[in-house]
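Novice: Under the heading domain 'Amino acid transporter transmembrane', TrEMBL lists 1-375. TrEMBL lists 20-43, 76-95, 115-132, 144-166, 178-198, 210-233, 253-281, 293-313, 319-339, 359-379 with the feature transmembrane segment.
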Amino acid sequence: FQGIFVLGLPYALLHSGYSGLFLIILAAALCCYTGKILIACLYEENEDGQLIRVRDTYEDIANACCKKLSPKLGGIFVNVTQVMELIMTCILYLVVSGNMLSHSFPYVPVTEKTWSIIAFVTLLPCVFIKTLKIVSKLSQLCSLVHFIIILVVMTYCLTQIHRWSWAKFRLSVEFEDFLVSVGVIIFSYTSQIFLPTLEGNMKNPGEFRCMLNWTHFFACVLKTTFALTAFLTWGEETKEVITDNLPSFLQTLVNLCLLTKALLSYPLPFFAATEIVYACISRGNHPNYRSPLFALGVRGSFLLLTLLMAMFIPHFALLMGLTGSVTGAAMTFLLPSLFHLKLKWKKLSFLEKCADITVFVLGFLCSVAGIVCSIKGLLEVFE
């Protein structure tokens, strides 16, 4: 929840004004709700009325909903969407890495794209990661680095409290800019693809709903506090990546920390994406699909794909908005509500049905509008 993409939230507030604060809170509530109904789809009642976990993954839920059309259709769609979101996350890490390096060493005559390539070279060992043990150790280091980054930015903002003014907030906003901000905010909360695995590995799965409530509550408080203090400090000068606003003596330190965090964060979504693809391909009976060399080729191809995409779309906030509008909205709002209605229709109350339909409609509208506006913004930048 408190990943590197939190750094784009002050920029989202710049384009959404007071409504952005409301969106951060609303997104937390909706994401918490869809997380709960997604996990509910893993369970069915037995003859004694007890809930039994009959499904293990997001893919299993999708296949159960689409079994009348095709036994594997739902799973294929979910896997494609998951891979898209994970790969886009990897691309964002490369884009951020190039941005951090270019701002940390402005006197070096190297373009931002070239810096991204340099960062990419340091990630080449990722093709040899075979288990989550290594990834988990890297993630622990990420948490420490992220704490340092947030602490530095917040401390500096508090020293500039004399500059704060609520007049910096907009009452009226541009509709297209607002929709891009919606995508950015949604993407900062997405976690649904990991929830089935998380719930299945809890010592006491019965505490899942309570855990979800508290984590979303604290995430909302932290996001709101960070975005608000940063925006009040810089106002209209707020940049896509908020650390670019820091004075030079702090910017280099924080950017190097961000670079470290981005590079350490990359292996997790990369590993998850390649494992999904490799698992789907290796289900075939051909022996070549199960060879270590083939697995290495899959990981190498994905690594190269993320670099090429980072070269063509080097715009952090717009790319994050597009990702949030496409895959984030689908995995977070559309599919959980749709699957819940499909699997639990007969047991849902009228209010629960209305809630699911409302979430689906809101997710659909935000997704379509966000896609159009994000693509339009990217086209304008290229022009």
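Each Cβ is built from the backbone N, Cα and C atoms, and glycine gets one as well.
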Novice: Would you mind listing the long-range same-chain contacts of the transmembrane segment (293-313), meaning Cβ under 8 Å and 6+ residues beyond its ends?
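Specialist: 87-88, 90-91, 94-95, 98, 113, 116-117, 120, 123-124, 126-129, 270, 273-274, 277-278, 281, 319, 378.
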Novice: Considering only Cβ pairs within less than 8 angstroms, which of the stretches 115-132, 144-166, 178-198, 210-233, 253-281 has the most against the transmembrane segment (76-95)?
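Specialist: Top-ranked stretch among 115-132, 144-166, 178-198, 210-233, 253-281: 253-281.
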Novice: Which sequence-distant residues neighbour the transmembrane segment (115-132)? Criterion: at least 6 residues beyond either end, Cβ under 8 Å.
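Specialist: Same-chain contacts beyond the flanks: 94-95, 97-99, 101-102, 259, 262-263, 266-267, 270-271, 296, 299-300, 303, 306-307, 310-311, 314.
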Novice: If we call contact 3 or more Cβ pairs under 8 Å (sequence gap 6 or more), are the transmembrane segment (20-43) and the transmembrane segment (210-233) touching?
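Specialist: Yes, the transmembrane segment (20-43) and the transmembrane segment (210-233) are in contact.
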Novice: Which residues of the same chain, at least 6 past either end of the transmembrane segment (253-281), have a Cβ under 8 Å from a Cβ in it?
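Specialist: Long-range Cβ neighbours of the transmembrane segment (253-281): 3-4, 7, 76, 79, 82-83, 86-87, 89-90, 93-94, 96-97, 100-101, 103-104, 119, 122-123, 126, 129, 132, 134-135, 138-139, 141-142, 145-146, 148-149, 152-153, 193, 241, 243, 246, 289, 295, 298-299, 302-303, 306.
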